[in-house]
Amino acid sequence: MRMLHTMLRVGDLDRSIKFYTELMGMKLLRQKDNEEYTYTLAFVGYGDEKDHTVLELTYNWDQSEYDLGEGFGHIAIGVDDIYALCEDLEDKGADVYRKPGPVKGGKTVIAFVRDPDGYAIELIERKESDDL
Ligand SMILES: C[C@@H](O)C(=O)SC[C@H](NC(=O)CC[C@H](N)C(=O)O)C(=O)NCC(=O)O
Ligand code: NI
């Protein structure tokens with residue numbers, strides 16, 4: 001078995017695709033409308049679904065926002081230069097609400113950014129000294 005995707009319901013599909021491709025560097029892998037059940041799926045990720053776990057962005061045509069509740073935590077993405085990325089994200093208007101720095105009690109450098117719907121994304125800088 002392997003993890004295929006995480007599904008997120010989004011209120012504006014173009015806004016989310018723009019965020020995940022232009023700011024987070026993902027590719028739009030495929031997109032499909034379901035006329036009968038009035039929703040669209042867009043799969044985004046860093047590589048082909050045959051060997052990458054991806055995000056499934058689900059847009060219900062009749063819903064433009066969601067209450068994310070208190071159960072969802074975050075999606076984690078490994079990055080190279082977290083400081084440069086966070087500066088670029090902020091320059092492009094993203095909410096980096098936990099600035100980059102060592103994780104509490106550890107050495108690995110993390111940050112948190114919100115996607116357009118408010119879902120939290122953890123950025124983890126991948127270095128040899130990783131302890132996460
Ligand atoms: C392609 C596959 O990964 C899917 O997840 S499609 C599954 C399908 N999704 C939806 O219906 C999305 C719209 C829905 N209104 C929602 O917000 O979840 C699904 O859940 N089908 C239910 C079923 O019983 O087939
Ligand atoms: Ni799915």
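Just so you know, glycine gets a Cβ as well, placed from its N, Cα and C.
All annotation found in TrEMBL is predicted automatically rather than curated by experts.
Features reported for this protein in TrEMBL:
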- GLU122: active site, proton donor/acceptor (ACT_SITE)
- GLU56, HIS74, GLU122: Zn(2+) binding site (BINDING)
- 2-126: domain 'VOC' (DOMAIN)
Listed recorded positions with Cβ under 6 Å from ligand 2, out of GLU56, HIS74, GLU122: GLU56
Integer Å value for the Cα distance linking GLU122 (active site, proton donor/acceptor) with GLU56 (Zn(2+) binding site) is 18
Within the domain 'VOC' (2-126) only, compute the mean pLDDT. 98
Can you tell me the three-state DSSP label for GLU122 (active site, proton donor/acceptor)? strand
